[in-house]
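Feature list (source: TrEMBL):
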BINDING   HIS322, HIS326, GLU345  Zn(2+) binding site
DOMAIN    248-465  domain 'Peptidase M1 membrane alanine aminopeptidase'
DOMAIN    538-836  domain 'ERAP1-like C-terminal'
SIGNAL    1-21  signal peptide
SITE      TYR407  site 'Transition state stabilizer'
Amino acid sequence: MMVRCVAALIGAVLAILPASAEVPKERIVLPRAVVPLHYDLAIVPNAEKKTFTATVSIRLKVETATSDIVLNAADLDLKSVHLSGRKAAPEISFDKAQETASFHFAKPVSPGEYTLSIAYSGSINDSPAGLFVLDYDTKAGKKRALFTQFENSDARRFVPSWDEPGVKASFTLTATLPQAELAVSNMPIASEAKLPGGLKKVTFAPSPKMSSYLLFYGQGDFERVSRQVGDVDVGVIVKRGDKERASYALDAASEILPYYNAYFGTPYPLPKLDMIAGPGQSQFFGAMENWGAIFYFERALLIDPKISDEASRRSVFSVIAHEVAHQWFGDLVTMAWWDDLWLNEGFASWMQNKAAEALHPDWKPWMATVARKDGVLSSDARVGTHPIIQPIHDVQQASQAFDDITYSKGAAVIRMLENYLGEESFRAGVRSYMKRYAYSNTVTDDLWGELQKASGQPVAEFAHDFTLQAGVPLIRVSRTATGLSLTQSRFAVDESGAVKQNWHVPVIVAGFDGRPIWRGLVGSAPVSVAVPAGSMAVVNAGQAGYYRTLYDPEMFAALASKFGALSSYDQLGLLNDSGALSRAGLEPVADLLALLSNASTQMDPVVQQAISDHISSLVWLFKDLPGEARAKAFGGAVLSPLFAKVGWDAKPGEDRNTALLRNQLIEALGASVGDPATLAETRKRFAAFLKDKNSLSPAIRSTLLSVVAHTADAVTWEDLHHLARTAESSLEKQEYYPLLAWAEDKAVAQKALDLAMSDEPPATMKPSMIAMVAKNHPQMAFDFAVAHKAELDALIEPASRNQFYVRLFASARDTAIQPKLDAFAEANIPQSARAIVVRIKGGIAVAAKRRAEAAPKIDAWLITRCKGEGAETVCTK
């Protein structure tokens, strides 16, 4: 065949956004003259050689006459191409940059249905992109398993295809593999036949119409445990020998699936739902929602009773709930293009908490989300943030959309909408949305339309404000003669606040008894709220709103004096807002410090965890500054009484959230504060653990090992290294090797970097070890990673490669490193993919400014509470 090395024909489409949104650049998508209807794919992997051969017959429809069929193909060698009804083979051209192949026909192809047949070959990758390998150790030696990962744009590395979310088709997959191995895909096996040479051919049932990134294939020495849940065969697929670690996941999925069937009103439509565990990890994702065949890295799915704690169990539940939610939001109904990615990720993030609240209310998941929301409110208040719905120009930009704004802000805005509209109206809108758009693609306004019809409320009027513009609203509250005055502006911790914006903010004002006094939308005009004289009121009561609240000094003082009487939700809100407002210079630092001083063992464990987080942040701020000893001593004074109440070991009948609090306090007192008593007990228990692995309770095992690793000297590091080398399970290896890179001591951290690029750690853990070193030593980790870039690039999937190196500077606090970051970006990152550079630089600038301006003010306050110097410093609350 003739091959032309010229640019392929790419269709350019202008995205249509409301007039208030920024007009995006031209979106690079495939032409729509031809669309696929069904793929019939047959693949023959050679796992040992890491190659595969394949054929695909694509039934397609030509909508308008064309001389060119253009589809996506990356790193594939096309052997032959044939279109039904045409004798002559087309002329083939490739555009490597756009990852497309064009088939040019001498005469235009008329409208109608055809079959495009392609024979090709490709490579099996070491990084999780396309078809990839994961190697793991067993008692019988090393074994290799194969899996696929396609989101956001790597199906094209597996099959020539229309690899865009808005182009749906059905798939039939056939694979040839060793008879002793198990094959898994989206649908159940339809037929299986033995072949010579110890091989077999497996054909899966045709899939429903779906986007290409949801296709999945895996093979290996697997075992499957399963349970019938209604009409669905729910299974967990693990490497041989891991069945006992799958029980928790199977139980979780079996309770989540019926809940979602009832909530969405549209039953899960596939005959089976498999969850597949892969031994390794990625820099980009922990799990992937392939329809009917959800892939997880092991630590996101499996629970080992010998080593897993309460946090691990909740994390696994949350990830399963997130991915199973995608079977509706993302798989059944899919965003038309990546700028509406939040329709997938924001909703799944919200739904995982909705499921936890329904099935495990004792976890208090909504209260925990209030604490976690503080993180995205902070990042959304800096330079480099973006709207939830952001213009995506190409697939490289799409990779940047998988961030906390899309996930966490998206979930927070949905929580706010549900709270404002009411649970029943909101669910009715979601059910209508699912029914109307099943097996198709949508944009955000399609959802707003269904919610509007169900609730009778002008949803788009205020929802657009939170999804089409970036940033965080600030509601200012001041006392008047008759009640309260509410006004708004944009909240920011840097120059991003210079942008003048307005939102329609859903606000709830309540009394101390929790009863609403007023609820409504606060817009550009001030709002007056009547409050009885002498009564106290809380704005954003229940903390479902996505905004910061700034009380006038008199109101703040009154609320702070009654801090313990506030609901746990509102304690979290006042605490987190106070921290953010002090960082922005809008509130005295003494306000936050006073709230921390009021920490009490009577507070909910979730609130105590938030207090612990603030103490750790305070100590981090003072790292290597003159007031560091005082910050640590103050932290110990606040946290030690809390830890004295919970103790090292669980008590019969204690609140399950107390288990999480215990671990957080051990981590904060040991790794951040450096409390001598905590460190002494940590080392004592670790010494016993080295002699007897059963001496350490799984409930605190991971946390204790983390403290040991963070404070390790060279001798202790070698003890941890021995544990990593001799670990029998891949779950343990995935725990130990990153811990080896957690040392605060720079010389010990260098040992971890050297180990990372040796042959010893599993391949997928090498980048993770470098990323872990960067948390304490960002510049050292960055320099090391750049020096080993060629080797690391082979281990990092293309979707996250640009971000990996830049994120190594996420914990940096010195703006002097910014030129180095700029130089790297200029040499390695396309202009369209540099949003992450802006965000990281903005974070560094904010951290540096806070150390220069806020730290001296905090230290001045600490001096009034502390005496002594260095290790002898003692503080009172």
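Backbone N, Cα and C atoms are what each Cβ position is placed from, and that goes for glycine too.
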**Message:** Under 8 Å between C-beta atoms and at least six apart in sequence, can you list the same-chain neighbours of GLU345 (Zn(2+) binding site), or say none if there are none?
**Reply:** GLY330, PHE402, THR406, TYR407, GLY410
**Item:** Candidate with sparsest Cβ neighbourhood (10 Å radius) among HIS322, HIS326, the listed binding-site residues
**Value:** HIS326
**Request:** List, in sequence order, the residues of the same chain other than HIS322, HIS326, GLU345 whose Cβ lies within 8 Å of the centroid of the Cβ atoms of the recorded Zn(2+) site.
**Result:** GLU289, GLU323, ALA325, PHE329, GLY330, ASN344, PHE347, ALA348, SER349, MET351, GLN352, TYR407
**Complete:** In all the protein chains shown, the tally of other Cβ atoms within 10 Å of the Cβ of TYR407 (site 'Transition state stabilizer') is 22
